[in-house]
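Engineer: Below you'll find the structure I mean.
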Amino acid sequence: MATNWDKVKYISRVRPDSDYGLFDDCNDSLDECDVRVKINEVLREPNENGSETLVHRLHPSSTHLQTNLKRSSRDGLCLSVPQDIGRRSILRLHRENSNEVAIEKTSVRTSVSMNLLPRYGSDLNEDILARPQPFVKTNRRAFVKDLFFKQEEGDSYYKLKSGDYGENERETFHTLSRKGNTEELRALLQQNEDIDKKDSYGKTALHCAISAGQVNTVKFLLHNHANPNLKDHREEAALHAAVRTGNVEMVEALLNHKTTNVNIEGRGKYTPLHNAAHLEHRNALEICQKLLDCGAKVTAKATDHMTPLSVAAQKGSADIMALFFEKCYEVQRGTKQKLDLLYGVDSEGSSLLHLAIDSGVLKAVKLCLKHGCSVTAVKRLNGGTPIHFACRLGAPVILQCLYEHEPAAFQHALLDKEFMTPLHRCAMYNHISVVKFLVEHGVDLNPRDREKCTPLLLAAAHGCSAVVSLLLESGADVTSEDDKKRTALHWAVGQDRTIERLLKDTRVQELKLVNQQDITGATALHYAAQGGFLKSVLLLLKNGTDASLKNNKLETSLHLAASHGWLPIVKKLMEGRQTRLMNVGNFNDHTPLHLAASNGQDKVVKFLLDRGATIERDTDGRTPLHFAAAKGSLKSVQLVCSSNPNCINVEDNADQDTALHLAAKNGHAAIVTYLLSHDSQNVTYNAYNQNALDVAIEAGKEPVVMCIGDHLRWRELCHRVEEGLTQLQSLIIKMPLAAEKFLDKCVEESGDKEKSEDYSITYDFMLLQGMPDLRKNDPKKYLDSLHTMVKYKRVNCLSHPVTGAMMNIKWKIVAKFKYLLKIDNWMEWFLYMTSLVYMFQYSGKLDTDPNSEKDQYSYSLKAVAATAIFIAWVIFVLYLRRFSTFGIYIIMMTNIIKTLVKIIILFIPFVIAFGIPFFLLLRERFKDKSNEATMYLFDRLPYSLFTTFMLILGEMKYPHTVFKYQPLPYPWISYVVYIIFCVCMPIIIKNLLIGLSVGDVNRILQSAKMEQHGMQVGLIL
């Protein structure tokens, strides 16, 4: 086939579409005809005189296509020609004998397809026309569907209509179903295409046709045995989808199919009748009727206990409800069945009347009442009646209907599970018309719910000013309280219009409800000040509220406003003679300034200090500065210190902590820096003999420790510790970076580094020594710090110049003399020197005679001596690890040896894997042909294994190993094993060792430094 022809996109074998074809003069005796396709591009070019000339352009690449049309197969040829060959072109098909048939093609799309069919007269009968043929699709494209042609004298011209698809598109079964292309669907089905194949969403072609509204396609698919009961990923069958479209004809087509399950369950066990009842479409009633006629169950319950009737009630579809009621009474006639129909129709235990009221459709409500629904039926979930629902919904027309149906139900209190009456529900939702209806019909105005709230309290809480006004005018009790003794004024705080309406009531003024306190002692002004409702505060103060009243915690409204930072309210509360309130303490002697500082309310702190607030101490001895420092409010700390610097060093009563202690304990580095920089700040100690640095170390506040280390007064906070760890030890354990910071402070450089005469470095060892008091001859604890560094492996601290200088001085002054005074050191050196002197007597070879008894004894003694000397020198090398010059390399070497020992086990299987084959291939019988160099290489198994091990390490001496064993008995296998060994073992093992050494060099170096420093410390001690 012409794989390199770029003009024809694909060739397919197709079923003949007609008995008209090509090659009328083709000899019937010929079994096959060779067909060649040529494409000529025809262009119309204008002439100078205005006429047009046809210009033909031949595409030579088109002649590459060759195909055979066999008479016995009755097959046709399909070509797809792209648009890029021109606006108008002619396809010519001809036989070898040059008989041609022209096909005129006009296309406005990217491609065109055509069917070309040879005609064989009477041989093309009806059976052949009906015979299905394979339909091969290439390049992921499908056939064009519209093809028609006509015959004229001389030639056959085919007028073609292009397909609907682009170059890279593929018409799937689902896509064709959406487009309603039944002809191509039929062609696909003739190829045994699965009609029930699902797409990525689980939809079949039937689903797609339904969603696209292709009724004819749906009928075609059903006629071709499409399964209408298959479900997609949403558990929706074809009938569910058809019902949702509202297309009656489509639903009828599915219902008329004998395999359609009219009661098939979808998601949540919803049937098509459920969907129809939920449908908002003009054909919904008709669809429901047709489903019922076909046996749909009107009493079918979903997982949420919803029936089609309850779904219709929820949607307020009165006509569908009437239809369902009629059908239900035909099926169910018993009293119990009727009650099940009306009550408990959803998962929350609602009645049909509940759902109908919730829909807001009066006609549906009347229908429910007509069929016996009670207006006092209780919903299982919340205990509400239909009257509650109507009041909550705010539907006076529905409420009037309920009242007309059963007036007696309104005469007594109806309570839900929260003990709320219908008046509570409509009052809290500001349904003024419903409230007015209930009031006019004489309901109780002051019922109480579970929290003892009346409708007036709920209306005030929700800001329903119109309802509040109506209830007050109707005689509702304005003094009513809830279970926490809160009145309507308490509840109305924040609702400006509501509180204004309450304050206009004369009973509020007469009974002085503005100053009434609840169970916590709070007035409405306390609530307004705490919540920041400025307008409510203004209204309450205007109507005579006493701002000096205290709650049970002895807090005034000023305390609450200052605590929450409501500066406008604070200013308003301190107007006039209320200035005295700013220094009033609460139960803990906290003034408004204390509370503002403890919550970081900088603006309130500034305002109070500007108005003359004094720095008082509370019951724990803490000032506002303590609270501001503990909170971390730098601005408040600065304001308090600027206003009253005398309070900076004030200690509290509990732990004798100053503000500096509290700032350090809570990790506020900026405040610590500010206080240390203040001229009035002293370095004080609390009850546990801790300054700010000790507190920060104990609390683990590294930023505070670092800021102290950067401060100029860092040395003042370093002190001697009587018991336990020194400050440096604690830093080494908890904060090694901070320890390095403090050690850096112990190094002072002076002079120019480039001029050696002026340059000097001064080391301060006081911190390492534990800050001893030299005047009292305190013991120095520098060794304790070194021990801690070694124990916790603080390499950077041990490598610090201060530590190194201390160790050098210690060695020069004390340690070297202590080393010389120890007798065991002298004994070690005596043994080393005497062993060397003993070895000097042997010069030359050590000749021994194995047959001599004396020589045998001397030989054994020398073997032991060699072993002892080896061990002694190894110990001597290990002893040199503690010296800084080359000790680091010895430690690195020992660590690498440890790593090698760990992987040496891997060597054993490889040594065995190659050593035994070498032993077997280089057998002992060739020993007489070997020389001294090869006699013991592979002749014995131990020798073979040892030789293999040496070869692994890189001793690849081919002339002295395998080559000397020529001729080999098995040369091919011997050389294969040897080559594999040479390629794999030395290269892999050496690279493995190099990789381990390079990869671990940093870790080994750090570990070696740590071990070396530890040994040096041990040597000094």
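Backbone N, Cα and C atoms are what each Cβ position is placed from, and that goes for glycine too.
Predicted automatically and left uncurated, TrEMBL annotations should be read as such.
As listed in TrEMBL for this protein:
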type	residues	note
REPEAT	201-233	repeat 'ANK'
REPEAT	268-303	repeat 'ANK'
REPEAT	348-380	repeat 'ANK'
REPEAT	418-450	repeat 'ANK'
REPEAT	451-483	repeat 'ANK'
REPEAT	520-552	repeat 'ANK'
REPEAT	588-620	repeat 'ANK'
REPEAT	620-640	repeat 'ANK'
REPEAT	655-687	repeat 'ANK'
DOMAIN	813-1004	domain 'Ion transport'
TRANSMEM	863-880	transmembrane segment
TRANSMEM	900-921	transmembrane segment
TRANSMEM	970-989	transmembrane segment
Engineer: As a test of reading the model: what is the averaged pLDDT for the repeat 'ANK' (588-620)?
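Structural biologist: Reported value for the repeat 'ANK' (588-620) is a mean pLDDT of 94.
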Engineer: Can you work out which residues elsewhere in the same chain, 6+ from the ends of the repeat 'ANK' (418-450), have a Cβ less than 8 Å from its Cβ atoms?
Structural biologist: 382-385, 387-388, 390-392, 394-396, 399-400, 403, 410-411, 456, 458-459, 461-464, 466-467, 470-471, 474-477, 480
Engineer: Is the repeat 'ANK' (451-483) packed against any residues at least 6 beyond its ends, judged by a Cβ distance under 8 Å, and which are they?
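Structural biologist: Residues 421, 423-424, 426-432, 435-436, 439, 445, 489, 491-492, 494-495, 497-502, 505, 507-508, 511, 513, 518 contact the repeat 'ANK' (451-483) from elsewhere in the chain.
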Engineer: Residues of the same chain, at least six outside the repeat 'ANK' (620-640), with any C-beta under 8 angstroms of its C-beta?
Structural biologist: 588, 591, 593-594, 596-602, 605-606, 609, 647-648, 650-654, 657-660, 662-663, 665-666, 668, 670-671, 674-675
Engineer: For the repeat 'ANK' (588-620), give the DSSP counts of helix residues, strand residues and coil residues.
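Structural biologist: Summed over the repeat 'ANK' (588-620), the classes give 16 helix, 0 strand, 17 coil.
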Engineer: Where else in the chain does the repeat 'ANK' (655-687) make close Cβ contacts, counting only residues six or more beyond its ends and a cut-off under 8 Å?
Structural biologist: 623, 625-626, 628-630, 632, 634, 637-638, 641, 645-646, 648-649, 693, 695-696, 699, 701, 703-704, 706-708, 711, 713, 716-717
Engineer: Counting each residue once, how many in the repeat 'ANK' (451-483) are helix, strand and coil under DSSP?
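Structural biologist: Looking at the repeat 'ANK' (451-483) with DSSP, the answer is 16 helix, 0 strand, 17 coil.
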